[in-house]
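Trainee: Sending over a structure as structure tokens; questions will come in a sec.
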Amino acid sequence: MAKINDNYLKLKAGYLFPEIGRRVREFSAANPEAKVIRLGIGDVTRPLAPAIIKAFHDAVDDLATIDNFAGYGPEQGYDWLINAIIEKSYKPLGVSLKTEEMFISDGSKCDCANILDIFALDNVVAIGDPVYPVYNDTNVMIGRTGDADEKGYYKGIVYMPCTEANGFIPSLPTEKVDIIYLCFPNNPTGTVATKAELKKWVDYANANDAVIFFDAAYEAFITDPAIPHSIYEIEGAKKCAIEFRSFSKTAGFTGVRCGLVVVPEEVMGTTPTGEKYSFNKLWLRRTTTKFNGASYPVQKAAAAVYSDEGWKQNKEIIDYYMENARIIREGLAAAGLTVYGGVNAPYIWLKTPGGMSSWDFFDKLLTECNVVGTPGSGFGPSGEGFFRLSAFGHRENVIEAVERIKKNLK
């Protein structure tokens, strides 16, 4: 009989969001009259920008003609999309990238998992706590860890607590690590890192021959001009950092699927015999073997994000979500809750009232307010006692949800 990958059996429970979905379905089935407002999983609700829709239509029309038909494209992505991203999104930051250093994918979540293919299992990994569950669970799945302890920490991973005391910015590891996960603007806490804070991480990585996995999925939501949008704004980062970006929240592509990875040619690893080798070359080899490229219509739509019209239209959508964030943040603060985030990120990280556990507060909001959020403990032990709300809802639902919560907490 075929044997399973028993590393999956180490996973503590169902993935966070399916568990939330299960509880909501059970509640809705028992209470069909309840109007449940979902501010949990970070799915977008606004339609795609008109310029993006037009590009989609045009690309589909291309596929209907002999002259413009597109079959298999380059696995790394079309140059016209990569160059548009570099020109519009990186050069204004003072960041210079080669076309060969960017890879278009079908989503950042997959990239954050798949990048592990090119790193040896005996690398020591450091992740924040609380953290986007994909970072933790994918390392468990591939066999990098032992079993979890009673807190939920896995042997073999270095956890970096992100708490109120440190402003939800992790401290540098006290031990040597090889791979460091950083996410700014942060999911779930909504915090951001300054250039000075990121410089400490870049210096640590270069001094210890470590590689930073920098998740910049929410960089488009930054409103403070002093906050960096890319790790490559930091001197020395191109020697030690791999950056992930997503079109899911930036352009509403949650149902379209497109992302990108930047792997600078300068980022090096070592072979078992101690020779240096380029991670860029390894990622290219992995990509050409396991991926046939994002679809032509999707890449055409993604390119429209970087047109003048698409850029303007998309900014209006992002502003809409950030106004939602303001409404949630200020409304809950007025209700007496301690809130973080929601200024440079679409997530609000709130402290549960009265020392209530994260899941108890989830059940309270669901059953008493018919509002769905995300328990902080689902992101890691240090998230216990906190709760995440998303700004990606419809405006009228956001306003109603805040009013329900305020009324309930009086």
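The backbone N, Cα and C atoms fix where each Cβ goes, glycine too.
When I checked Swiss-Prot for this same protein, it listed these features:
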BINDING   Y15, G42, K109, Y132, N187, N292, R388  substrate binding site
BINDING   Y72, S108, K109, Y132, N187, Y218, S246, F247, S248, R257, N292  pyridoxal 5'-phosphate binding site
MOD_RES   K249  N6-(pyridoxal phosphate)lysine
Trainee: Find the one among the recorded positions G42, K109, Y132, N187, K249 whose C-alpha lies closest to that of Y72 (pyridoxal 5'-phosphate binding site).
Mentor: K109
Trainee: Counting only other Cβ atoms and using a 10 Å cut-off, which of the recorded positions K109, K249, R388 scores lowest?
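Mentor: Comparing Cβ neighbour counts within 10 Å for the recorded positions K109, K249, R388 gives K109.
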Trainee: Since the record lists Y72, Y132 as binding-site residues, which of them has the fewest other Cβ atoms within 10 Å of its Cβ?
Mentor: Y72
Trainee: Can you tell me how far the Cα of Y132 (substrate binding site) sits from the Cα of S248 (pyridoxal 5'-phosphate binding site), in Å?
Mentor: 15
Trainee: Let me make sure I understand the structure: which of the binding-site residues listed (N187, S246, S248, N292) has the fewest other Cβ atoms within 10 A of its Cβ?
Mentor: N292
Trainee: Could you tell me the C-alpha distance between N187 (substrate binding site) and S248 (pyridoxal 5'-phosphate binding site) in angstrom, no decimals?
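Mentor: Cα of N187 (substrate binding site) to Cα of S248 (pyridoxal 5'-phosphate binding site) measures 14 Å after rounding.
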Trainee: Fill in the CA-CA distance, N292 (substrate binding site) to S246 (pyridoxal 5'-phosphate binding site), as an integer in Å.
Mentor: 18
Trainee: Determine the Cβ neighbour count for G42 (substrate binding site): the number of other Cβ atoms within 10 Å of its Cβ.
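Mentor: Cβ-Cβ neighbours of G42 (substrate binding site) within 10 Å number 20.
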Trainee: Anything within 10 Å of K249 (N6-(pyridoxal phosphate)lysine)? Look among the binding-site residues G42, K109, R388, comparing CA atoms, and list what you find.
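Mentor: Those close enough are G42.
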Trainee: Please give the pyridoxal 5'-phosphate site's span as the largest CA-CA distance among Y72, S108, K109, Y132, N187, Y218, S246, F247, S248, R257, N292, to the nearest whole angstrom.
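Mentor: Spelled out: the longest distance between any two Cα atoms in Y72, S108, K109, Y132, N187, Y218, S246, F247, S248, R257, N292 is 34 Å.
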Trainee: Which of the binding-site residues listed here (G42, K109, R388) have a Cα atom within 10 Å of the Cα of S246 (pyridoxal 5'-phosphate binding site)?
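Mentor: K109, listed in sequence order.
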Trainee: Please report how many Å separate the Cα atom of R388 (substrate binding site) from that of S248 (pyridoxal 5'-phosphate binding site), as a whole number.
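Mentor: R388 (substrate binding site) to S248 (pyridoxal 5'-phosphate binding site), Cα-Cα distance: 19 Å.
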Trainee: With DSSP assignments reduced to helix, strand and coil, which class does R388 (substrate binding site) get?
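Mentor: The three-state answer is strand.
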